[in-house]
Ligand SMILES: Nc1ncnc2c1ncn2[C@@H]1O[C@H](COP(=O)(O)OP(=O)(O)O)[C@@H](O)[C@H]1O
Ligand SMILES: Nc1ccn([C@H]2C[C@H](O)[C@@H](COP(=O)(O)OP(=O)(O)O)O2)c(=O)n1
């Protein structure tokens, strides 16, 4: 049994939309493997059904991880709280079959160019991973390429995005563990949806996602875009830092995630972004540093029904980004060499797949961000020309 499960209902002050969350925290050492929240918004009977389904899947994953359900922090044991789940039938813990013995080592297929020692190759999943709800791509395509330091970020060889269908979900925790990737972000089970209406209340919005590695110059160029093209800049990192300083109940969790270079649960970041967009009169937003993983992306689409006009991707070598971050001098707790390396790893493993997702939709505009600031902005300007202010 790896850890103690803590479960509670709580009201989120962050957003009227994410009113209630079913929160499950695993204490160390499993905290880094699984920590997150299933947003439970109940606008319609359909949505209730879907949430219950998601909750069941999540519950099973917890059980498979072997979480015990002991009460901790005075918030109550998992079972009784699940029993209180409004609208839900009782969610009995699934019977978990004993894990079969590990299969003998398998060599990569002849037509797979990666070698066994290569992170790009993964053996077929252990039978315990058979619960996967998605059709798995060929093993040799499953992982991003190995993480080399000081290299440009060629987009990883990953399977093309799944077609939008409620039958397809991001890989489960077991899938990711079977793949051998680090589960660096909490998992919210979300569905791929293509329901963009781009409306926030009665305002139609244009959103551009600004992505790139830490220190690639996203914030610097966003300031230029704001000045020349009338967008409002929303940095996910800045919003999270402001939230932690505000003394919010999520403050400690956010601080720890940032210090560790990890990605904060989507519901927190999305609520902050949504609130900021609603409060602002502008209808054109640069969302900087988000979505940082597939969970961020799918949850944002699900909650906001907003799809980006395009994704601005700042491509830069790690060597250059590291130099810039170490010279940034903004007093950030995560601009130290140890956390920087972790952030690079998270970027390659979790953020590049998001860029790949949008690339397949022909929505990525890639910029060579290694050039001097003014030259980078020349390239950015060409992309934003259609949004030139007409005053
Ligand atoms: N093209 C560039 N060339 C050199 N330094 C840059 C460039 N763009 C940004 N910087 C500097 O690098 C550091 C990181 O830039 P920043 O915009 O904060 O990156 P990000 O928002 O992507 O983390 C800052 O100190 C910034 O002044
Ligand atoms: N979508 C996001 C964006 C940022 N964060 C957290 C984790 C990131 O390492 C920190 C800092 O992000 P920020 O975008 O400000 O900084 P860098 O691009 O890494 O320089 O915030 C997050 O958890 N989720």
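Cβ atoms here come from the backbone N, Cα and C positions, even for glycine.
TrEMBL lists region 'Disordered' at one of the ranges 54-84, 147-177, 178-208, namely 147-177. As stated in TrEMBL, the feature region 'Disordered' covers range 100-131 out of the listed 100-131, 228-259. Among 292, 328, 332, the residue that TrEMBL places alongside 215, 216, 217, 218, 219, 220, 371 at the ATP binding site is 328. Packing around residue 263 (ribonucleoside 5'-phosphate binding site) is summarised by its Cβ count: 23 other Cβ atoms lie within 10 angstroms of its Cβ, all protein chains included. With respect to residue 219 (ATP binding site), the closest of these binding-site residues in Cα terms is 289, chosen from 241, 263, 289, 296. Nothing from the binding-site residues 241, 263, 291, 296, 332 places its Cα within 10 Å of the Cα belonging to residue 218 (ATP binding site). Look at residue 216 (ATP binding site): DSSP puts it in coil.
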